[in-house]
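Step one of this worksheet: look at the structure below.
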Amino acid sequence: MEIFDYDNVLLLPRKCRVESRAECDTSVEFGGRRFKLPVVPANMKTVVDERITETLAANGYFYVMHRFDLDNVAYAKRMRELGLYVSISSGVKAADHDVIDRLAAEGVGADYITIDIAHGHADSVQRMIGHIKHKLPQAFVIAGNVGTPEAVIDLENWGADATKVGIGPGKVCITRLKTGFGTGGWQLSALKWCARVATKPIIADGGIREHGDIAKSVRFGATLVMIGSLFAGHEESPGRTVEVDGKLYKEYYGSASDFNKGEYKHVEGKRILEPVKGPLAGTLREMQEDLQSSISYAGGRYLADIRKVNYVILGGDNAGEHLLM
Ligand SMILES: NC(=O)C1=CN([C@@H]2O[C@H](COP(=O)(O)OP(=O)(O)OC[C@H]3O[C@@H](n4cnc5c(N)ncnc54)[C@H](OP(=O)(O)O)[C@@H]3O)[C@@H](O)[C@H]2O)C=CC1
Ligand SMILES: Nc1nc2c(ncn2[C@@H]2O[C@H](COP(=O)(O)O)[C@@H](O)[C@H]2O)c(=O)[nH]1
């Protein structure tokens, strides 16, 4: 198997088919809705909050609200009152099952539910998918996180409508150091490996450091890309603002860090500071422009055209050109 990651792959251009990059369409259909970008900010406490998710939903972007210190039912009710779609996260414990029961009993429902645990290839996830499909059959269920084709096949067979791939490639992740496991350092080829067997959408989660990594993820099979660090350092970001030597930073910590958990137990995440870089809307606009350029370099007009390009692997044992024949 070829092993590579975002920083040692480049996509190869094909003849341009547009007069302007404005003709390139970055939108994507996911779970019955069309969104402006194949990008979703990570469902983490220092990345999204109520206000940011409302803005994203109201402006045509996909979001997943985090599940920490949050009343999911009250959150879902508020989004409904605002006329916005509901996209929440869930764990797999008894209290998480109860939330699904309440959403059903109170008639609130949810449009998207992301089952989001560290080791998503687990019986507990199978039970939770079954519970959601029983109580809220209309909900689109995303399940993860996983890092192997076997896991993608199982989650799909258990009823997941999409799977989330990425064990440990995140910027504040220390899973590979603490456990010796994961897709950190080879996330892009793990995505390719998983996408070969997937029959439903994949969300590539973690490891995106540059906007061009979004196009690379799409090339290797992602329908959406989940991003934490690139979104954590905005004016509106929920992380605490910290001043160091006159410069402003936002704190960004892992969901499995002691900062999120409130105790040092099974810690697989750390805290870092991200420089503050202006409003979120500016980054979303720049991501769209960059992705429009990516589509034009792919010789296409639509996101899916990126899937048609060849690529090169730079350096290492797998170095070489890879042609689609
Ligand atoms: N993408 C990634 O690489 C990672 C992401 N995270 C994120 O951190 C957050 C917290 O995750 P998590 O701790 O799973 O959530 P929870 O604290 O909600 O735990 C979920 C359940 O899974 C169990 N569990 C967790 N890890 C394992 C494991 N390795 N093997 C068996 N059972 C396990 C927990 O039990 P118990 O605690 O008793 O074991 C608990 O019952 C999530 O948002 C998750 O996405 C965390 C680590 C890696
Ligand atoms: N191993 C851990 N992974 C974590 C933790 N908290 C979040 N995450 C994952 O990281 C991505 C974001 O990655 P980034 O490279 O874009 O910053 C996020 O979506 C989760 O899947 C954690 O504590 N440990």
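Cβ atoms here come from the backbone N, Cα and C positions, even for glycine.
Not measured: the values here are computed from a predicted model.
Database features, via TrEMBL:
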- Cys173: active site, thioimidate intermediate (ACT_SITE)
- 202-225: NADP(+) binding site (BINDING)
- 5-309: domain 'IMP dehydrogenase/GMP reductase' (DOMAIN)
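Known features from TrEMBL, placed on the structure.
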| residue | record | DSSP class |
| --- | --- | --- |
| Cys173 | active site, thioimidate intermediate | strand |
| Ile202 | NADP(+) binding site | strand |
| Ile208 | NADP(+) binding site | coil |
| Ile214 | NADP(+) binding site | helix |
| Phe220 | NADP(+) binding site | coil |
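Ile214 (NADP(+) binding site) and Cys173 (active site, thioimidate intermediate) have their C-alpha atoms 19 Å apart, to the nearest angstrom. In this structure, the binding-site residues Ser217, Thr223 were compared by how many other Cβ atoms lie within 10 Å of their Cβ, and the smallest count belongs to Thr223. Among the recorded positions Cys173, Ile202, Asp205, Ile208, His211, Ile214, residues whose Cβ is positioned under 6 Å from ligand 2 are identified as Cys173, Asp205, Ile208. Reported as a whole number, the C-alpha separation between Ile208 (NADP(+) binding site) and Cys173 (active site, thioimidate intermediate) equals 13 Å. If you draw a 10 Å sphere around the CB of His211 (NADP(+) binding site), it holds 19 other CB atoms from the protein chains shown. Around Ile202 (NADP(+) binding site), the same-chain residues at least 6 positions away in sequence with a Cβ under 8 Å from its Cβ are Val152, Ala162, Thr163, Lys164, Val165, Leu191, Cys194, Ala195, Gly221, Ala222, Thr223. Selection of the recorded positions Cys173, Ile208, His211, Ile214, Ser217, Phe220 by a Cβ distance under 6 Å from ligand 1 yields, in sequence order, Cys173.
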